[in-house]
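Undergrad: Just passing along the structure, written as structure tokens.
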Amino acid sequence: MKTKLILLYGGKSAEHEVSLQTAFSVINALDLEKFEAAPIYITNEGEWIQGPLLSGKLDFVEQLRFSATDTIKLATTESEKSEGEAISPAVLEADGQETVVFPLLHGPNGEDGTVQGLFEVLNIPYVGNGVLASSAAMDKIVMKKIFADAGIPQVPAVAVRLIDWKNYQEEMVAEMEEVLTYPVFVKPANLGSSVGISKATNKKELVDAMTEAFLYDRRVVVEQGVVAREIEMGVLGNDTPVCSVPGEILPEGAVATFYDYKAKYQDNNTALIIPTEVDPEILEQMKEYAIQAFLGLDASGLVRADFFLTEDNQLFLNEVNTMPGFTPYSMYPLLWQETGLPYGALIERLVDLAKERHAAKNALKYKLED
């Protein structure tokens, strides 16, 4: 019997359109001999709309933008529901057929543990990270504490609460200027995109950046700016994760001068070099830190680890992303493609990992014996 793969995409997020592109890519990469593709679209307003079961490839992304005016019928477990009709999240519940949810959502309500909690309550297997890893990695302050506890090197940073900023602004600025040197980067603690992030090169810019960041969160992290290469690595697995080859993001206008790479991908003004050239000892450190971060978060399925590597070979883990970009041209799938795992096979592996984790969870005891 085919596995029913529920694709959950859209959402109340600044990355709504990216999520649609991701769903389009995943659906068109699915082996429909193995999977039954069941799309569920979450509108910008947060309404859940169930689409038709898909029997072939899509031609346009817009085919996934369902609305309440659609009238095509879709057979469900014991009744029929109109495609385009608003539904309850309970539609995710398995109906006897092997079912897995693939959440293709980004940012708040998508990769912060909230929708993952829904899947846990429904006891349905789902691709990617659980509640703990998702929520901890979304919060930059909590994430940094976990990495520090694991002994993973990070750039210096200062965490600031809004109430402290309001009451002790001068003292907070003095503390930051004592610990950090300009330039610094000011980031809301709990946003998954670049919204609210600013670079500050002096005190006035720092104050302005803090004011901007506090519009989006009541907690802010201020990080030391470094001149470094940006190198990323994919991690895949559950209890025994493995790492991909490293990839590098070249800044706008940079020219690739590397000898040893299999592929160079160009996206607007950003060049991706995969695999990139890294000293073998540094590469082993990078793998070690990526796996330590993965296990420290109790991650599962997939994680992308983002590093800084300075000219004098100082290595810093900047952050991890528990739901990285997932179109065929995004860094994470490209890293695995160049490691030997193509896009379609990567999707199938993630579904298998979801099933494995769910089976392990259900094998646990949840009540005391009489």
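Quick reminder: no glycine exception, Cβ is built from N, Cα and C everywhere.
Since the structure is predicted, the reported quantities are computational estimates derived from the model, not experimental observations.
Reproduced below are the annotations present in Swiss-Prot:
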BINDING   177-232  ATP binding site
BINDING   ASP306, GLU319  Mg(2+) 1 binding site
BINDING   GLU319, ASN321  Mg(2+) 2 binding site
DOMAIN    144-352  domain 'ATP-grasp'
Undergrad: Tell me, by DSSP, whether VAL184 (ATP binding site) is helix, strand or coil?
TA: strand
Undergrad: Any idea which of the binding-site residues VAL184, LEU191, VAL226 has the thinnest Cβ neighbourhood at 10 Å?
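TA: Least crowded of the binding-site residues VAL184, LEU191, VAL226, by Cβ count within 10 Å, is VAL226.
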Undergrad: Among ASP306, GLU319, ASN321, these being the binding-site residues, pick the one whose CA is nearest to that of ARG219 (ATP binding site).
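TA: Closest candidate to ARG219 (ATP binding site), judged by Cα separation, is GLU319.
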Undergrad: Between GLU177 (ATP binding site) and GLU319 (Mg(2+) 1 binding site), find the distance joining the two CA atoms and give it rounded to the nearest Å.
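TA: About 23 Å separates the two Cα atoms.
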Undergrad: Let me know the DSSP-derived helix, strand or coil state of GLU212 (ATP binding site), please.
TA: helix
Undergrad: Would you kindly give the Cα-Cα distance separating ASN321 (Mg(2+) 2 binding site) and LEU191 (ATP binding site), rounded to the nearest Å?
TA: 12
Undergrad: In whole Å, note down how far the CA of ASP306 (Mg(2+) 1 binding site) lies from the CA of VAL184 (ATP binding site).
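TA: About 18 Å separates the two Cα atoms.
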Undergrad: If you measure VAL226 (ATP binding site) to ASN321 (Mg(2+) 2 binding site) at Cα, how many Å is it?
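TA: Cα of VAL226 (ATP binding site) to Cα of ASN321 (Mg(2+) 2 binding site) measures 20 Å after rounding.
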Undergrad: Under a three-state reduction of DSSP output, how is LEU191 (ATP binding site) classified: helix, strand, or coil?
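TA: Assignment for LEU191 (ATP binding site) reads coil.
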